[in-house]
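Worksheet: the structure to be examined is printed underneath.
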């Protein structure tokens, strides 16, 4: 371990007193969210007042590969390790070089932290990338299909409102998935703190927007089931939906960063995501999301009750079986669209890996009107191709690829 210092006016010769404690790190509690331990000597220094920064080189006690170290200073008043005190300049298997801010009242003891296990899991990383890739591709395909069939499936007010919610759900999740990847890139490449704050803010906002649009869809379902004689205009619905879907998440996200960031408690340690241990900023995501999930569970229960009512005088087993099948289909369709699967893995934000595919499947591909519109558009395209072939006075069969080639690329002797 070596020590050197510089003052505000340049490098000067100064006296420095330091004491190294080889076992103190095992005694001091880390008080952090991540399972970490002190992996070097704890260096307590006493420097002249004019010195502001010190350069420290720590030798690692446990020399493990693929394990990142973190330079920290002991916060005297808060009695915890603080990563704001130091910045790491180099890290290899045997030693770490840190630049630390010295302050005789706040930071005067320094060391390095490490995780007791390998931080990265190759299999988990691969599953995450494949899952997010599938989600993003599914959401893009969902939005393309919605754009193609939009005029055909939004002829009534209620279908317009449903597909309007579905498009915004897909858009919010698509942007959140892309931001999730960008936040991981920002963290893994150790880019600046402000960029990580920005990535976390927008990630928080769009994940909240996803839930609030699911909440809007749940309210729309209740409106269609319970308020039969109450009509809402399209303009009023759009204004209300945007206020709920994007307005509420914006207010929550702005308040969260405004309250916690001045105390440097917005980000969690070691990731571009909301802090939990010091400021409980993660509650600004968990509480709204869980509340919306509870409300949407009630929506599903109402749908099940409404669907399960048998017709008068039709109490036979076939009718009961038909009702059970219809209830099961409704629950299967609504569970991913209303975000109920997030209740199993909310804090880790992992459900988005599969949610994009479920939105495509249950929200678009299993919608009878969407499938009917796609079939109609396919039939129109087929007839247009057939007429084009007939107008060129060639024998065409749409069932054979060779005839398509002859239609669009005539032989040279023709």
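Note that the numbers count up from 1, one per residue, in the order the chain is shown.
Yeah, the Cβs are placed from backbone N, Cα and C, and that goes for glycine too.
What TrEMBL says about a protein is an automatic prediction, not a curated fact.
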Would you please say which range out of 92-115, 236-259, 356-379 has the annotation transmembrane segment in TrEMBL? 236-259
Can you say which of 282-305, 306-329 is given as transmembrane segment in TrEMBL? 282-305
Here TrEMBL annotates transmembrane segment, and of 331-350, 391-410 the range meant is 331-350
Contact set of the transmembrane segment (130-153) with the rest of its chain, CB cutoff 8 A exclusive, min separation 6+ beyond the ends, reads 159, 163, 166-167, 170-171, 173-174, 177-178, 180-181, 352-357, 359-361, 363-365, 367, 369-370, 372-374, 376-377
